[in-house]
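Undergrad: The structure's right below; bear with me while I get my questions together.
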């Protein structure tokens, strides 16, 4: 028996490995794998069903068909194990070996491997330096190639057609060798001397001038070096021996009725064997050349089809006209090996059923149907029954369970006690899609689900199904209980806010409970405590909404951290006093002393979690739910048609709007306004009408007048059911009520433009046929959008997960002093996100000082929590430098301090947390809520009116940021710089508002002056761009020739004439050379210099500029010399929603990107060419940088203006690549974070910035080498930044020259494919290309990410698997240590020993 066990043990031992290498297989290697050559195309005998000898299923080669039984039946049973039968030649062993024994085919002529030939760039082509076209012509026997030119005029690897070959033969005889087919390519590949070629190219590289040639040589050099380093030989890309897959991996299954189901591979192998055998026969017969050639070509084609069907020519089809599935198809795509079997497997001990509500469950419970539980827990039940002695054998136990006797249910109850099960709802978009619960047995067939976890699962009870999984091992049960239990997942990982929040009925019930009603039954009564209030309510003395006075006892923490009761009489309502009974002690009463809608309840739970801990919060949440359901029932809020009250004002508003529209129509008919203007105005009118109606409706619905106790009328919130549902946040919104009781408003056409005639009716009045027809389009589009959106959103999530999957918290602190500077996010004067929300849960990078002093408020490396946020606000700190994922210096992974708080748990993040996947899920999960379409903007639907002034909202002090200005004659400031911003600072020194002010704005206040709320402090003309003079003097025209560079226009109404500069393109030859400008001179005619410089005041005028001055006119400082009309900003389609997020993460370059200044210096314009402007920037060092810019771009800069590197010089959307190159890592991170957040914010989705930063970090992990220094990198090579940093540290330690690099940004798809792990990349996309590249380079996968480890079937190096990997790494280091013991000093050894002992004691291994 022992022997047997030993034998079985050694069967499945896998070597303990640390990496996987992929390479090319040499013919000898293939033969060494093989157990014999397959000579016949036969599979099995159709009569006996036994495999044919030497065929594709041959038992002699691949192993026996039955366990321990040879084919002819001479040897059976275990005792003959290992014997080889002399009759049929089959080894007596397990039939399992048919899964791993390979065979081979000896090919009669060599064949090229299609992957290395056709997968672009063609590896064979690169090595031989021939085009793919030529190689294919040689391989498929269309032309000859010279392999040995000898003493002739021919070149090596020259292509010869049939005629040229014959001519050459006549001329040179057998001086030279030329071959065709794979033999020729094989000969050429064998002749390559890798080391020689590499050395030669390394020498040539520095001398090469042309960029394209250099790139080509670099590519070829990289490939050659890869071959040399990996030990692969180029000739192995041509095969002499073809391996054959083990037969059980390409099965042949007899169906009933004498037919067979077979894997496509067998067909493909049969073709290869047939052609190979035919070719052998032809070669033996010495057949004519042309026949042999044809047969060789067919062999090549059949091997191509076997390896990758359809890559070349038409795919080979089977009997059913479908292309056969080749080896390459087996591994790629969603149905391939990687995604179908390795990354996603089916599991046993699982069941699924419909879900229904379990309103009586506790949060940690779920209802499990008895039938299901019995089936799922069978093995446990059998075990228990045997242990109890109720059954003697498993068979008996089985019978008992099938009878379902009483004792079985008792045992089942015991078995499931405290044995958590996991519930999962597809689609699992984030980690809360699988949670653990304790099962409670129920009758019926539906799983009962606790209502509060529905938000996390995104589940509802309209027929959703869920799956149940049973964790079997004790470790699995422990993890399920400690990590996955629903009670441990109160906060959402995406934003750290509670996700266990009531919704719908519960909210409505609590809202109803905590509302007040004027003059309710029992108003004005006094009560001693909340229990007495409930008594009064139950006996019917007071109603729920009555306003009363009660003594309320709160518990407050004192200085020692003890709870102290504080009692006082409060004005409140009966319902709120009842609500107070379920609140745990330690909550402030103010939190529930208001009508509880969805937001206040969320705040309540959040407060409880942060201040009272997890256990209290969970119990409180359950109580809230029970209470909410109960009072929702009592309230009986239902909707009747009378609840939709149509406002009286609606009809007058509609009539007025109709009159206005008629007026505009009349103007249009007279030709006073254009069709476009009419359209926009009409749409504006109806939009505002709609707003007015809905405002009137809401005012009407939300308030009602009632008589109070004193007989006077008093206003109170309405008890209208529809209003209560919307106001509490239970269901519905103002927009939906508007359609029910206001007017439906404007509708969109199929192309997205808005129809001028609105739907004036609402649903209560009913729609006419035409109105109904107009509105159907939008409704259907919504459904179509949803379907597309789901797929797109899922694909985005998949890409995000793939790029971030290997990012794990690996150490506690990387010690960096870099970080991001956080300020409040301010848009158009509103604080969109205050500072506290941006720094909450982050770690301070440098000491935070109290503003205006040197006193330290927060020391470095402090984690900012809610309490510290209050401290920051009290001390009015307005910016903090915090640690960030982007600037973390850990090489592979990230440190806890740079990440900060674990949002789902509320404390510092633990080591081993898989933050990459969490980030990807947090960004991807709300993807389905984003819109799909790009917004076509029509009318006022959302067209921003051109802004022309700044009006402040807060009182404070005006501060100008990076602004240059002059003071004009009226003592106003005029801005003369491009990217100026104006901020309002409150008395605490905090920034409250921020506005962009364009060039030429006139300010009514000076820098540092006090402003009051409502002041207009800046004005400008939005439709023209002025040219402002910075000095006073007389205007002198330069190059302004009437009819050449300018024309005069006279305004018909005013009679004023103005000069318009003609566009350069429309001038004649002399005019093209002239550059019209305005020069300022003093009274004597001398040039005036710009203040403080030696630059004369000369202002160039671009085409279309309008000058309202005459030659010699006097101007003062800050006056406008000319105006450049701005084309009215066309309503650009803003790409919104999902496509925008995808564009940002894919780092796509926008269509017409903004042009940024490449260098810092002074701008000048050089000679213009056709269609382009030459821009010169003179740097402080005196160097001149020049760049050509298309004339179509409107430049924001004028001659002589200083610019800073990275400043915008032509407007447009900025390209992230430019921002990274010119401004650095932090600005590009900020840009992407803010742009992505903007999309999510529009939909009201909250995501923490950290998650987006994680993805950005993964996008900038590669860099391009600018100067290799003493490193082994090549110039222009793309390498992981971490690799360069490691190598640079080593080089610096040796005192050598480190490599210089420039950060590169890659889109997420590209970054995923460029990861160091080829297994991860291959399982993502483009499997063939990734594997081809990896094989040629002989890459080794170190199995560092999560995906690679899942694929090879290990614990992942994150979460609870993190320690396992740490331990393995430690053991490995320990195993390697003795090799270098000669250099260890005694002290070191002693220290190491103590460390080891201590760590053992700490980890409890004693």
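Glycine residues also receive a Cβ, built from the backbone N, Cα and C atoms like all the rest.
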Undergrad: According to Swiss-Prot, 888, 895, 898 bind Zn(2+) 2; which one of 814, 845, 869 is listed for that same site?
TA: 814
Undergrad: Give me the Cα-Cα distance between residue 70 (Zn(2+) 1 binding site) and residue 814 (Zn(2+) 2 binding site), rounded to a whole Å.
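TA: Spelling it out, the Cα of residue 70 (Zn(2+) 1 binding site) and the Cα of residue 814 (Zn(2+) 2 binding site) are 63 Å apart.
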Undergrad: Tell me the Cβ neighbour count for residue 88 (Zn(2+) 1 binding site), meaning other Cβ atoms within 10 Å of its Cβ, over all protein chains shown.
TA: 17
Undergrad: Three-state secondary structure of residue 895 (Zn(2+) 2 binding site) from DSSP?
TA: strand
Undergrad: I need the least crowded one of these binding-site residues (72, 814), counting other C-beta atoms within 10 angstroms of each C-beta.
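TA: Comparing Cβ neighbour counts within 10 Å for the binding-site residues 72, 814 gives 72.
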Undergrad: Around the Zn(2+) 1 site recorded as 70, 72, 85, 88, what other same-chain residues have a C-beta within 8 angstroms of the site's C-beta center?
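TA: Along the chain, the qualifying residues are 59, 71, 73, 74, 75, 87, 89, 90.
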Undergrad: Could you give the Cα-Cα distance between residue 464 (Mg(2+) binding site) and residue 898 (Zn(2+) 2 binding site), in whole Å?
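TA: Checking the Cα atoms of residue 464 (Mg(2+) binding site) and residue 898 (Zn(2+) 2 binding site) gives a distance of 40 Å.
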Undergrad: Under 8 Å Cβ-Cβ from residue 460 (Mg(2+) binding site), six or more apart in the same chain: what's there?
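TA: Set apart from residue 460 (Mg(2+) binding site) by at least 6 residues yet with Cβ under 8 Å, we have 454.
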Undergrad: If you compare CA-to-CA distances from residue 888 (Zn(2+) 2 binding site) to each of the binding-site residues 72, 85, 462, which comes out shortest?
TA: 462
Undergrad: I'd like to know which of the binding-site residues 70, 85, 895, 898 has the most other Cβ atoms within 10 Å of its Cβ.
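TA: Of 70, 85, 895, 898, the one with the most crowded Cβ is 898.
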Undergrad: Which has the fewest other CB atoms in a 10 Å radius around its CB: 462, 464, the listed binding-site residues?
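TA: Checked 462, 464; of these binding-site residues, fewest Cβ neighbours within 10 Å: 462.
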Undergrad: By the DSSP assignment reduced to helix, strand and coil, which category contains residue 85 (Zn(2+) 1 binding site)?
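TA: Note: residue 85 (Zn(2+) 1 binding site) is coil by DSSP, not helix or strand.
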